[in-house]
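Participant: What Swiss-Prot records for this protein is below:
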type     : residues           : note
ACT_SITE : 44                 : active site, proton acceptor
ACT_SITE : 213                : active site, proton acceptor
BINDING  : 42, 156            : Mg(2+) 2 binding site
BINDING  : 42, 44, 218        : Mg(2+) 1 binding site
BINDING  : 44, 213            : AMP binding site
BINDING  : 595, 597, 620, 633 : Zn(2+) binding site
DOMAIN   : 38-226             : domain 'Exonuclease'
ZN_FING  : 595-642            : zinc finger
């Protein structure tokens, strides 16, 4: 034996490597794992044998850090928590968990416990460089090691801690919103249902160490089970997340014309659709769907038929349609070329995009947007977060339009904004009125520069839509009207007129000839439109209600109103608003009277054979069963008698107010001079 040991020390005899290989195979995971560290949590909460109390509180907060590569527990966190809602533990809870009342009394509240747990996590992040998968993007580098939380079921983080924080209005750490359910993973991997944590360990030949239902011991045994499953080839993945799923957001940008670099060429940019993925789960294929700009050079002397995009010829109409943002969707490369700057979108270097409007692009008659890319470090933005411009191809100022004085544009003016008018008697614009006024507009056309037109005719120095300062005829908060006679440097490019809209004309409210002669006087410096094409009254599209007016009372509209002769009111008005009591009496449906005992009488019908069969009567609703029952009364009345009484009462009320009824459902006001009725306002309502 001494010789053999000496030979081993001198290295003459090699040791057998079978044992070392077997032990290394057991400790090393077979499959490549995404998470290098796992934090196993197993809470213990208050409980009762009868189950009457449904709100459970955490009384033990354990957590252990497991190294996936070697299966060792490198750090532990453990504390007892004071219950606030039910501070006294039940005997069943003490017997089950082994936690006594003194331990929870010496513990800390849950809010302080979460703060201590957060400090422990931050310490691990600094020492071991771990990182968690959260919805909030973090600047993770290659040195960071991914970590996830593991529980035996969803109860710990999905029920117990979640609802307790909601009840107590406490902020839960965001890193606890996602975890791995080891019980569900065990069931899927081994294809069998485990019988508790102890049963799952026994199935794999692992002995449970410690005390069951002890939070720290359960966490350690769960870590053993997770390490064994990883060695068997199970890949740990997130099974539950409380974070809201951020769906893909598609941003569609219209085709835009970028400012021309010289007078012989113009760059036409086509911004495509990009999909912004959720930053919680970054996709490696994000660069495939990034936004891009395809830059083309259109020569000066080319014909419209020779225009090409990506090597494909296009026509004049298609080129104009692409400029308007309706066509031209092409492929989506992974880079963007904007104003000569190559910018990588997605997971590349961060660029800060700002939106601006180029004045040189006003030659096209539309508002165009351009990007300016400047490198900027944005710590609040994660990987794949890109700020996109939201400039829409639209006309934002009425100064860039010419609106004609024909009747086709009247309906368009009503849809744009409130019509602005200028009085003829004034030399300068003032407050607009609706009478003796005229509206100064130019022709409704939008000048759009074609890519194939001669760009030399459209000088860059001539900005379309720029007017002389003295050319403003009227200006308000929402409207600016220019004098077209003073307008200078009008572009000679091709124009596209807006399709005309036929306005609905009204002939019943046309002004008289005297009013037309009076309004024919025009301002000396501003052109006027023809009054024959103007409709001063636009009837509503739909009548909201019908007004019934008495012809004989239309002449007298002053207060007080004196009724000198009877007025006949239509039956519709009478039936709708006047004398509901009389109407109910005529139809036979009246309100049941009150009986002697203060209750509402009940309407019954005679069913026995005889002369009164079928007649209705009212009696007390409480039936008198015997002589001892004294709750009811002996009230009885025929319905005809009740109707007559109701009619007599309504007649007395109307006679006191000076109105009498006749058989033809018309009422008459008393014409006595001493009983005139005046309609006037109360002193508090007078102005």
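Yeah, the Cβs are placed from backbone N, Cα and C, and that goes for glycine too.
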Participant: Under a three-state reading of DSSP, tell me whether residue 44 (active site, proton acceptor) is helix, strand or coil.
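Facilitator: Note: residue 44 (active site, proton acceptor) is in a strand by DSSP.
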Participant: Could you count the residues of the zinc finger (595-642) that DSSP puts in helix, in strand and in coil?
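Facilitator: Going through the zinc finger (595-642) residue by residue, I get 4 helix, 12 strand, 32 coil.
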Participant: Find the shortest Cα-Cα separation between residue 633 (Zn(2+) binding site) and the recorded positions 42, 156, 213, 218, and name the residue that gives it.
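Facilitator: Spatially nearest to residue 633 (Zn(2+) binding site) by Cα position is 156.
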Participant: Would you mind ranking the binding-site residues 42, 218 by how many other Cβ atoms sit within 10 Å of each Cβ and giving me the lowest?
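Facilitator: Each of the binding-site residues 42, 218 was scored; lowest Cβ tally within 10 Å is 218.
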Participant: 10 Å Cβ neighbour count around residue 44 (active site, proton acceptor)?
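Facilitator: The Cβ of residue 44 (active site, proton acceptor) has 25 Cβ neighbours within 10 Å.
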Participant: Using an 8 Å cut-off from the Cβ centroid of 595, 597, 620, 633, can you name the remaining same-chain residues around the Zn(2+) site, in sequence order?
Facilitator: 596, 598, 599, 601, 621, 622, 632, 634, 635
Participant: Within 10 angstroms of the C-beta of residue 597 (Zn(2+) binding site), what count of other C-beta atoms is obtained when all protein chains are considered?
Facilitator: 15
Participant: Out of 213, 218, 620, the recorded positions in the record, which is closest to residue 42 (Mg(2+) 2 binding site) when you go by Cα distance?
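Facilitator: Result for residue 42 (Mg(2+) 2 binding site): the nearest of the recorded positions is 218.
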Participant: Near residue 620 (Zn(2+) binding site), which residues of its chain come within a Cβ-Cβ distance under 8 Å, counting only those 6 or more away in sequence?
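Facilitator: Expected: 595, 596, 597, 599, 601, 602, 632, 633, 634, 635.
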Participant: Measuring Cα to Cα, tell me the gap between residue 218 (Mg(2+) 1 binding site) and residue 156 (Mg(2+) 2 binding site) in whole angstrom.
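Facilitator: That comes out at 12 Å between the alpha carbons.
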Participant: Between residue 156 (Mg(2+) 2 binding site) and residue 44 (active site, proton acceptor), what is the CA-CA distance rounded to a whole number of Å?
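Facilitator: For residue 156 (Mg(2+) 2 binding site) versus residue 44 (active site, proton acceptor), the Cα atoms are 9 Å apart.
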Participant: Helix, strand or coil: which one is residue 218 (Mg(2+) 1 binding site) in, per DSSP?
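Facilitator: In three-state terms, residue 218 (Mg(2+) 1 binding site) counts as helix.
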